[in-house]
Amino acid sequence: AAESFDPEKDSDDNNEEERQIYPKSDSQRARLTNAVKEILLFRCLDEEQKSRVIDAMQEMKVKEGDVVIKQGDDGDNFYVIESGTYDIYVKQNQSTEEKIGEKVGSYNGHGSFGELALMYNTSRAASIIATTDGILWLMDRNTFRRIVLKAAFHKRQTYVELLEDIPLLKELSSYERTNVADALQSRVYQDGATIISQGETGKEMFIIESGTVRISVKENSKEVELSRVGKGAYFGELALITKRPRAASAYAVGETKLAVLDVASFERLMGPCLKVMQRNIDTYEKQLTELLGTNNQLKINEFRSK
């Protein structure tokens, strides 16, 4: 069996001698980028890490009937499906004469498989057989661990540290903050890009990792800048609490990196903070009234620095 991998003890994964790069055409790179974008494991990767994942993947053409992985074998590769259909077979009793076991599922043109054996250092739990010709992209065990698992580990560390510096989240236990950190997704906005628009339904909360965000509201058909906030500031949560439309617009000033929490994760994980957030609503309303006047219809200033 392969040795276990400890991301905390692993040396710098930028070592060029260890880095695998397989040349790809622009069309291959575009197809692979499209294939990996919805894979949950890759959501913790930033753009540079995703680029390294794509660099490290090899194209594998398969024919109908090919056995891609066999139950009981050591895991050596992780696979991303670009095209083709693949059946999943599980043999319940390894001592029986049956060759591949019972069909328990299939992949149809998208998805990924093979990661569990690489993550947990176990043998393959199922067999995968191609039922049509197709194209797979594969990544070897060492590269998968050094890029994907290490990225997930460091993402958690980085976000836990970010969350610890936000007073609002002091209400969360260490375990709860870790759960929030795991649920956050990184997103980069270029200069001038709209992050949220006044009046839209709130679906996400944002924490600034780096860069600056400009907060503006429309007042008498003109846009008025309220403030600019930087690293550690958070915004967007009040629309999730009150179920009201967004109270202001937010724009990136220069390249800006945000940690994003979707509404489902917010409602599931942020319960201990809700009372504090709700107490703040009246305060934000008073601040906005002072800025824009008592006749302004905007009720909530959603944005503030830590």
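Each residue's number is its place along the chain shown, starting with 1.
Each residue, glycine too, has its Cβ placed from N, Cα and C.
Annotations in TrEMBL come from automatic prediction, not curation.
Per TrEMBL, the features are as follows:
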type     : residues       : note
REGION   : 1-26           : region 'Disordered'
COMPBIAS : 17-26          : compositional bias 'Basic and acidic residues'
BINDING  : GLU115, ARG124 : 3',5'-cyclic AMP 1 binding site
BINDING  : GLU237, ARG246 : 3',5'-cyclic AMP 2 binding site
COILED   : 274-301        : coiled coil
DSSP state at GLU237 (3',5'-cyclic AMP 2 binding site), helix/strand/coil:
helix
Binding-site residues compared (GLU237, ARG246) - highest count of Cβ atoms within 10 Å:
GLU237
Summarise the model's confidence over the coiled coil (274-301) as a mean pLDDT value.
56
